[in-house]
Amino acid sequence: MSELIQNVKTSFEQVLGYAPSHIIQAPGRVNLIGEHTDYNDGFVLPCAINYQTVVAAAKREDNLVRVVSVDYGNAVDEFDITQAITFQQDKMWANYIRGVVKCLLARGYAFTGADISVSGNVPQGAGLSSSAALEVVIGQTFKVLFNLEISQAEIALNGQQAENEFVGCNCGIMDQMISAEGRENHAMLLDCRSLETESVSMPEEMAVVIINSNKKRGLVDSEYNTRRQQCEEAARIFGVKALRDVTIEQFNEKVAELDEMVAKRARHVITENDRTVEAAQALRAHDMKRMGELMAESHASMRDDFEITVKEIDTLVEIVKEVIGDQGGVRMTGGGFGGCIVALVPPALVDDVKATVAAKYQAATGLKESIYVCQAKDGAGLVEML
């Protein structure tokens, strides 16, 4: 993170002409288990990772917000918080920031303008929530600069609202919540209905290894929407608000009445919720053998029932599983049809995993992977006052 801090300080001073007063960060995240459960009111188990979005900031006495994006060649966006805050067609990055500020104002928070320089190293397009980290770090920045009485959960909800209503992207609450509330060496069990969270301790030395298949993700939106509709149809047949409310026993009694495809989709969600709650218990007990079994079951369910994995992802999972055996776990993470796998790997095996993947993945698929070796880290907060 030190390089990011240096970059935002330097760009702040160069472009805005004076020194910032605060450095704030918010992390990306990876979901360890609980896939496609969020929009079914279920459970997820993400952790924050040591890839962050960092801000250098200072408050202004007037109503102007000026933002410098280091990652877009020090491009600048500027808006007045007393005027209508509008969507910028030609500066997509700026809309996340505008949306967060607009939503904070709509929620009744009072503040003046600010100068902000922002940079991040959360890999974009890998499904590690670079957009949520940006939304949360901006909310955190206004909290810190103006001593706003806003909880971390509300910073997360505000970020989600900005993405849904201002940016126009329909996301669940997981990404923002873990970025805002993460804890070092802990995962977070999140109930996507009540928004209750529970910290789950992880074995301290355990590496969180994320491997991007670099398989271009096609069909994601249309397939995602289809899955969502199938889940809603299943909930309707069971007469419940969401699949969260169906037990596996109830499912088995009624499975004959369901369309075969809808039954497979529902079975994934219902069993995945049970797995996620049990995974939190296994992780807390540092029972990596059980955690690994649950992650393997999750992957098989995504592959066979939810049908969102692809050959490249299945290949990666098999390669990693060979190396870690029952000392850790591995599965696809994220929306599917490409993207990343996540593995919990004992530190002694990290180099083996990297070497084996390098030796086998490209040979099998023609694609070169990207590997990120992470630790579970703290959520958003003040890094330093200058």
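Including glycine, each Cβ sits where the backbone N, Cα and C put it.
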For the substrate site that Swiss-Prot describes with Glu35, His36, Thr37, Asp38, which of these is also annotated: Tyr109, Tyr224, Tyr361? Tyr224
Does Leu128 (ATP binding site) have same-chain partners at least 6 apart in sequence with Cβ under 8 Å from its own Cβ, and which are they? Gly28, Arg29, Val30, Ile49, Tyr51, Val122, Ile210, Cys340, Tyr372
Distance, Ser131 (ATP binding site) to Tyr224 (substrate binding site) (CA atoms, angstrom): 19
